[in-house]
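Scroll down for the structure; my scribbles are underneath it.
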Amino acid sequence: MAPALRWLLLWVGSGMLPAQGTHLGIRLPLRSGLAGPPLGLRLPRETDEEPEEPGRRGSFVEMVDNLRGKSGQGYYVEMTVGSPPQTLNILVDTGSSNFAVGAAPHPFLHRYYQRQLSSTYRDLRKSVYVPYTQGKWEGELGTDLVSIPHGPNVTVRANIAAITESDKFFINGSNWEGILGLAYAEIARPDDSLEPFFDSLVKQTHIPNIFSLQLCGAGFPLNQTEALASVGGSMIIGGIDHSLYTGSLWYTPIRREWYYEVIIVRVEINGQDLKMDCKEYNYDKSIVDSGTTNLRLPKKVFEAAVKSIKAASSTEKFPDGFWLGEQLVCWQAGTTPWNIFPVISLYLMGEVTNQSFRITILPQQYLRPVEDVATSQDDCYKFAVSQSSTGTVMGAVIMEGFYVVFDRARKRIGFAVSACHVHDEFRTAAVEGPFVTADMEDCGYNIPQTDESTLMTIAYVMAAICALFMLPLCLMVCQWRCLRCLRHQHDDFADDISLLK
């Protein structure tokens, strides 16, 4: 999750110019097509959207536009912790489950949580350690009173990890001092007995078990003042705000309640199917994660997708480093040729048997604008699709095109076109369906698990085999040592004789 400053090459027109950019990321911690009718077949639908329960949908004026951040550095919400309240900016992360805040001085923090100043802090006398792919943090667990000023008007007692040491976790200039993990208890650290913040919120206040995110990053101009270069968005706690999206909400089941795991059944580049076994798209999982910047794909899928994107955008040549996220490409301000880049379509399992829907992602999402480059006369971008060793991650650049509903009560995630997404006059982001898709359950990757009783049986058998081999070996060793002792006595005597000579 930490930034790694690098010297990057900027591609301008037909030449290459050196420039300094910022290689930013938020964290740290995928075979033939499906059988069945063609996915292009649209089915009739009686209604665009099923009715919502009272209180789950409506206007949440006080929560609209309560997120801030910077492109590539995450979205944060203002929270207060302790008594008297200490105000902190907290990164919104649907890919983890710990509520953790900086609790010691750090070069990248302007402020931090001071437990000794809170009369309501309770020490749990337990430590916690969280490693990421790049970076880590460790701290001490406790509980305190927490509220969200631009959220529901409630205060809850929640578990807090006070970060005392970290490495490559906090981001210089990001303006956030902690992380709010909104996923499930199964992936909480140190173990699943630690109740996550959102679980505590629902349990103590009876707020509906649902939240929704509108991330508007790409819609904010860059290469201007720091204030204007900020990104924004909304986190709606307890329901759905219909003013934040257009069209219909389409839902995909949450496959397993740990990360927000979903099932991708098909991937297209400009309408062309990658024609891979759908298990490859979900190897070893597919998750929706606001705490990761990029769309991350398993190795085979990434290679196939990049090959197709290269072919579709072949009217211009880009350095290999661009496709690896190591170099930027630049055009004169206002002349970015969006039309040469293809759209990416992800088909997600629907709620109805044998039906799926697709979300269409624009190049304005997967080409991430980068600020702080050598010249402000150019618009520069980083390729925000990258390779993953831990499955597909639908990160912030994907979510920025959509209003995403995390309906935990009904174990599903909804997608609709965001009212703030960036597009041109020719194409817009889209959520469409339904499509006929058979055997979608087969697309989910099942991590091999061995029954515990089987493991115990294997352990006993191995122990018995070891004992059978070790017994004669021990006897042989004992016999050898006895013989050696006898020889040793004779050898000592012989040596004495030699010395006497």
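Each Cβ is built from the backbone N, Cα and C atoms, and glycine gets one as well.
Keep in mind the model is a prediction, meaning the values are calculated, not measured.
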Among C380, C420, C443, C466, cysteine joined to C216 by disulfide in Swiss-Prot = C420
Summarise the model confidence on the motif 'DXXLL' (496-500) as a single mean pLDDT, whole number.
-> 27
Simplified DSSP label at D289 (active site) comes out coil
Whole-number Å distance separating the Cα atoms of D93 (active site) and D289 (active site) is 7
Same-chain residues at least 6 apart in sequence whose Cβ lies under 8 Å from D289 (active site) = D93, T94, G95, Y259, Y260, V393, M394, G395
So how many other Cβ atoms are close to D93 (active site), meaning within 10 Å of its Cβ?
-> 25
